[in-house]
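*Asks:* Structure incoming, see below.
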Amino acid sequence: MPQATFPLVQLDAYRWEIPVTAKPGMRVPGIIYADAGLVGQIQEDQAVEQLANTATLPGIVRRAIAMPDIHWGYGFPIGGVVAMRLDDGIVSPGGVGYDINCGVRLLSTGLADEEIRPHLGALADRLFRNVPSGVGARGRLRLNAAELPGVLQAGAGWAVRRGYGRAEDLRRIESAGAIPGARPEEVSRKALTRGLDQLGTLGSGNHFLEIQRVEEIYDPATAAAFGLRHPGQVTVLMHCGSRGLGHQVCDDYLEVAGRSLPRYGITLPDRQLACVPIASPEGRAYLGAMAAAANFAFANRQVITHWVRESFEDVLRRSAESIGLDLVYDVAHNMAKIEEHTVDGRSMQVCVHRKGATRGFPAGHPEVPEEYRDVGHPVLVPGDMGRYSYVLVGTAVALAETFGSTPHGAGRMRSRSEAKRLLRGVDVADALARRGILVRAVSRDLLAEEASEAYKDVADVVRASDGAGLTRSIARLQPLAVVKG
Amino acid sequence: MRTYETFDHTADVGLVIRGRTLEELFANAADALVDLTIDPAGLEEKIHKTITVSAADLEALLVAWLNELLYVLDADGFLPRRVRIANLNDTALTAELTGDTVDPNRHTVRRLVKAATYHGLSLSRTNGLWEARMILDL
């Protein structure tokens, strides 16, 4: 592919600036949080140019920001954070992405890894059966059209009221599992149709459900506050989003935005950046529909949590309560949120787009749930299925510099076809099994696309993020069994 | 002429689609999408559907066409084995589809494509051959 030739100006060991003069139309500079090693990889594809493109968008505040896991996406780069003024700024459906509120949820248990080793195969089988995934999967929960607006309005709360989960789960979800201001009436009939039988489904690609063990704890006091107490403790991590309902909302509003560009006098370097003024009927409609889709995703992860608990109960023949399976936290990493931030010493409301970035508010922030107010809420950063995932916490530095944003994952390093070429003849599931990691997958021969070799080492991403002061590492988790769509 | 091939994109998948006519290109694009999703050899020709799609221009129509097929996959579990573009102009098309309901027990399923995107989208004709490039979100 043609390489972007953007001159990056190194500000310090972990900060690289794209000068505002790098590309015509840039309104603000860009900044990439990475170390020298990661910057080399980042410059290999078109991610830097994509970040520069977002700096041309109307109403952008301070600068276009990229996390250390930045990579080439469509429109916005994955790992991009862009905040907009509410009065003259835009909201971009493509800047949130097709998988609205794609996110990660972590559960802790009171089990030790040696206790579940003998049951691991049965647990993986049961999870694989109980949580539908992959092409052609139908949810076990079939909603009727009259129920769906309630899901879109109340999110995880809808699921808990229907018996999927515990009341206390809601206290440990970003925005308590329901983004306010959802407008189901702005969600198209097609999007609603796609959602009817997809609640409680995982999807495919990089989505997963994983049984893990705590490998290492870096900050025992904060880890204990999160319910992570000792190496060997069993946890469960899931990664999924709003499924076809969210994809359709994005598609519908990209079309709306594309049509209305001339009316609002917006010109763009890439059609996928199509956007509308936040303070316009189209902008308000999109934010209402996006919130509805985000709530569908929160409900999705809540229903899956319930089935995870049932699966453990069935296999271990103990109550879920006695096993634990307590919600640690649930974070979104594809979202646009109206938040209060201090910019140039002044408090203002902005619309923060996080496209493959996690909110990481620190101790004391009013939007951190009460039980984590003293330490900051957990930031969940999954790695690839062969290595490890991290639990971090956000810092005051992130709040001041990145609108409280932190990384969201390892970031891909190789395309799917490169990964397959590299691993030709390797049975990825067998290779993982030899290392003690069980895999259950709908399309086993596509596992190479998601193998460790396709991803950056998430430890490098975390080291850069911690090094820049955006996050602090709390614990590292290791996969024991992985369910893939 | 290869009717379609993929090109490398770090996170997602790039598609190059070709056709001697625009109708052929649009039908080949549908085949490419199906091929990414499932092994098409397992699909029977037992359900017929007619779908109509419209968009602001020809390039957007290609995106809208593939996204409509993804909608039909979610809504009805349907994927086409055979596609005939009955009518096509710059802003609308009508397609006749013959295909099957996806059943993971009968079919070799591959991956879910989330959406066709507008990023890096192009559609042009050189030496009598139409070619389109696009990125799909996986």
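Note: Cβ is positioned from N, Cα and C throughout, glycine not excepted.
Just so you know, TrEMBL annotations are computer predictions that nobody has curated.
The active site, GMP-histidine intermediate annotation in TrEMBL covers A:HIS408. Per TrEMBL, the feature Mn(2+) 1 binding site maps to A:ASP99, A:HIS207. According to TrEMBL, the feature GMP binding site maps to A:206-210, A:333-334, A:382-385, A:SER389, A:408-411, A:LYS484. As annotated by TrEMBL, Mn(2+) 2 binding site applies to A:HIS239, A:HIS333.
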*Asks:* Would you kindly give the Cα-Cα distance separating A:HIS239 (Mn(2+) 2 binding site) and A:ASN206 (GMP binding site), rounded to the nearest Å?
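*Replies:* It is 8 Å, counting Cα to Cα.
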*Asks:* In terms of Cβ proximity below 8 Å, which binding-site residues out of A:ASP99, A:LEU209, A:ASP384 neighbour chain B?
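*Replies:* Listed binding-site residues meeting the cut-off: A:ASP99.
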*Asks:* Take the C-alpha atoms of A:HIS333 (Mn(2+) 2 binding site) and A:ASP99 (Mn(2+) 1 binding site) and report the distance between them in angstrom, rounded.
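*Replies:* Between the Cα atoms of A:HIS333 (Mn(2+) 2 binding site) and A:ASP99 (Mn(2+) 1 binding site), the distance comes to 10 Å.
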*Asks:* For A:GLY411 (GMP binding site), just count the other CB atoms lying within 10 A of its CB, please.
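*Replies:* Its Cβ shell of radius 10 Å holds 28 other Cβ atoms.
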*Asks:* Under 8 Å Cβ-Cβ from A:LEU209 (GMP binding site), six or more apart in the same chain: what's there?
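*Replies:* Listed in sequence order, they are A:LEU127, A:VAL131, A:SER133, A:LEU202, A:VAL236, A:LEU237, A:MET238, A:HIS239, A:CYS240, A:ILE304, A:VAL308, A:VAL482, A:VAL483.
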*Asks:* Select the most exposed residue of A:ASN206, A:ASN334, where exposure means the fewest other Cβ atoms within 10 Å, treating these as the binding-site residues.
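*Replies:* The binding-site residues A:ASN206, A:ASN334 were compared, and A:ASN206 has the fewest Cβ atoms within 10 Å.
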*Asks:* Can you tell me the CA-to-CA distance separating A:HIS408 (active site, GMP-histidine intermediate) and A:ASP99 (Mn(2+) 1 binding site), as a whole number of Å?
*Replies:* 14
*Asks:* Check the Cα-Cα distances from A:HIS207 (Mn(2+) 1 binding site) to the binding-site residues A:ASN334, A:ASP384, A:GLY411 and tell me which is shortest.
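*Replies:* Smallest Cα separation from A:HIS207 (Mn(2+) 1 binding site) among A:ASN334, A:ASP384, A:GLY411: A:ASP384.
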*Asks:* What's the CA-CA gap between A:ASP99 (Mn(2+) 1 binding site) and A:GLY411 (GMP binding site) in angstrom, rounded?
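*Replies:* For A:ASP99 (Mn(2+) 1 binding site) versus A:GLY411 (GMP binding site), the Cα atoms are 16 Å apart.
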*Asks:* Sort A:HIS408 (active site, GMP-histidine intermediate) into helix, strand or coil using the DSSP assignment.
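*Replies:* In three-state terms, A:HIS408 (active site, GMP-histidine intermediate) counts as coil.
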